[in-house]
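Novice: Take a look at what TrEMBL says about it:
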{"type": "ACT_SITE", "residues": "Lys207", "note": "active site, proton donor"}
{"type": "BINDING", "residues": "Leu14, Gly15, Tyr16, Gly17, Thr18, Val19, Gly20, Thr21", "note": "NADP(+) binding site"}
{"type": "BINDING", "residues": "Lys107", "note": "NADPH binding site"}
{"type": "BINDING", "residues": "Glu192", "note": "L-homoserine binding site"}
{"type": "DOMAIN", "residues": "356-432", "note": "domain 'ACT'"}
Amino acid sequence: MSERVRGPVRVALLGYGTVGTEVARLLEEHATDFAARVGTSIELTGIAVRRPDRHPDVPAELLTADAASLVNDDVDVVVELIGGIEPARTLLLDALRAGKSVVTANKALLAEHGAELFAAADSSGADLYFEASVAGAIPLLRPLRESLAGDRITRVMGIVNGTTNFILSAMDSSGAGYSETLEEAARLGYAEADPTADVDGFDAASKAAILASLAFHTRVSAADVYREGIAEVTASDIAAAKTLDRTVKLLAICERVSDTENGESVAVRVHPVMLPRKHPLSSVDGAFNAVYVEADAAGELMFYGQGAGGSPTASAVLGDLIAVARNRVQGSRGSRESAYAALPVRPFAQTTTRYHISLDVADRAGVLAQVAAVFAAHEVSIAVVRQRGRAQDASLVVVTHSASDAALRATVDDVAKLDAVHQVVSVMRVEGGEP
Ligand SMILES: NC(=O)C1=CN([C@@H]2O[C@H](COP(=O)(O)OP(=O)(O)OC[C@H]3O[C@@H](n4cnc5c(N)ncnc54)[C@H](O)[C@@H]3O)[C@@H](O)[C@H]2O)C=CC1
Ligand SMILES: N[C@@H](CC=O)C(=O)O
Ligand code: NA
């Protein structure tokens with residue numbers, strides 16, 4: 001139970017970058033409304049930044065480079081918008097152990113050290129809220145934690161990284177280059193401080209771990225998530241997808257799986273996929289995110305909105321801040337971690353997916369039969385084959401039925417070794433309906 005606050009709720013803000021500046025701006029702009037919603041005013045007692053001299057717009061008495069002292073001051077709530085593991089981890093553990101409520105947007109920290117943070121929150125009864133950490137402005141974590149607590153979630157699948165979606169959308173629509181689009185995403189405040197976290201899929205993997213933990217009442221950490229980013233997605237992949245009326249998207253897929261041998265487990269992965277252009281996720285462009293949730297009783301739900309950027313992310317941070325402030329005024333506490341199901345995480349090699357494979361092959365009799373024989377040898381069944389002759393070369397596109405990822409990889413390796421196969425042009429997993 002949080003300690004009951006009688007005067008204003010005192011807030012320490014750690015970080016004044018893309019998100020922090022918007023949080024501070026909106027706190028000031030809507031102070032009167034927020035006070036009415038909470039039942040008392042929210043007072044910003046200090047802002048920790050790396051370089052206080054770089055913020056002449058902020059009253060000097062509010063700024064400090066000493067985040068630890070600010071956390072240890074007389075504050076009720078710590079809002080962490082620094083990012084990264086340290087010093088954020090130590091600062092939040094100190095705050096929670098001291099009974100201070102925490103609001104954070106730091107998915108990397110939660111996905112790696114969530115268990116420790118929840119334990120610290122439990123030790124003092126403090127609140128730990130993190131709606132902004134996944135899918136920016138979209139209310140998604142509270143629906144999973146609270147609204148769907150009475151249902152059994154079977155699948156969560158979606159676009160959860162704005163930067164990579166911004167890049168893939170631009171490559172698809174205007175044929176824009178990879179690096180210039182990444183620079184633009186960073187300029188617009190979508191990318192992480194180190195944008196390799198976005199393009200290599202680490203950011204989406206952290207978010208997938210958080211989503212799976214909430215959806216399946218199981219502790220899933222970043223290391224449990226199979227991860228591929230978009231660095232390897234080429235113009236050829238995008239072109240191959242177009243010829244099949246598909247788009248390329250980076251998806252996070254969290255599934256509850258069960259079989260007689262292993263019982264129930266969870267499978268969590270992040271990788272690029274080809275989706276049919278008519279699939280609703282295909283029309284999610286730019287830095288927008290969209291997430292499908294499938295649950296036994298509710299059926300299919302879809303959440304859509306701005307997944308990155310200062311002001312959309314600040315909306316989620318402020319929603320959490322108002323919730324924890326209300327809890328403090330009432331002397332109550334919000335939801336705690338729910339990890340009772342403790343399901344095992346299934347290794348990715350056992351996960352079944354479907355592959356799209358595009359090959360340049362010799363245009364002569366018998367090539368198709370040779371390629372098909374390799375698929376058969378690995379017990380990978382073919383759903384669609386398209387062959388087009390091009391003088392000496394032909395292009396061959398194969399889309400498989402579901403097979404284990406290990407079998408699919410071995411098939412591609414062996415197909416590439418055939419003399420008649422000149423080049424493997426594109427290999428990508430496919431989702432969303434039969435080709
Ligand atoms: N930018 C976005 O669209 C979104 C960001 N997030 C998360 O929000 C958090 C903040 O992201 P941004 O605002 O984009 O980052 P940013 O890089 O723009 O700002 C970071 C701020 O933290 C301060 N800082 C860094 N190290 C510090 C230290 N040791 N002591 C005191 N201050 C320190 C910097 O001076 C800066 O003010 C990250 O965890 C990020 O993953 C979450 C959703 C969306
Ligand atoms: N870098 C992230 C920011 C939001 O979480 C993204 O691009 O989605
Ligand atoms: Na969110």
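Every residue gets a Cβ built from N, Cα and C, even glycine.
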Novice: Among the binding-site residues Tyr16, Gly17, Glu192, which have a Cβ atom lying under 6 Å from any atom of ligand 2?
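Specialist: Correct list: Glu192.
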Novice: Would you mind checking how many other C-beta atoms are within 10 angstroms of the C-beta on Gly17 (NADP(+) binding site)?
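Specialist: Its Cβ shell of radius 10 Å holds 15 other Cβ atoms.
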Novice: If you average the pLDDT over the domain 'ACT' (356-432), what number do you get?
Specialist: 92
Novice: Other residues near the NADP(+) site, CB within 8 A of the CB centroid of Leu14, Gly15, Tyr16, Gly17, Thr18, Val19, Gly20, Thr21?
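Specialist: My list of surrounding residues reads Leu13, Glu22, Val23, Ala24, Val49, Leu81, Ile82.
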Novice: Residue counts in helix (H, G, I), strand (E, B) and coil for the domain 'ACT' (356-432), per DSSP?
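Specialist: DSSP composition of the domain 'ACT' (356-432): 23 helix, 36 strand, 18 coil.
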Novice: Same-chain residues six or more away whose CB lies under 8 A from the CB of Leu14 (NADP(+) binding site)?
Specialist: Gly20, Ile47, Ala48, Ala67, Leu70, Val71, Val78, Val79, Glu80, Leu81, Ile82, Ala88, Leu91
Novice: Please name which of the recorded positions listed here, Lys107, Glu192, Lys207, is nearest in space to Thr21 (NADP(+) binding site), Cα against Cα.
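Specialist: Closest by Cα: Glu192.
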Novice: Which one is it, among the recorded positions Lys107, Glu192, Lys207, that lies nearest to Tyr16 (NADP(+) binding site) by Cα separation?
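Specialist: Result for Tyr16 (NADP(+) binding site): the nearest of the recorded positions is Glu192.
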Novice: Find the one among the recorded positions Lys107, Glu192, Lys207 whose C-alpha lies closest to that of Thr18 (NADP(+) binding site).
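Specialist: If we rank Lys107, Glu192, Lys207 by Cα distance to Thr18 (NADP(+) binding site), first place goes to Glu192.
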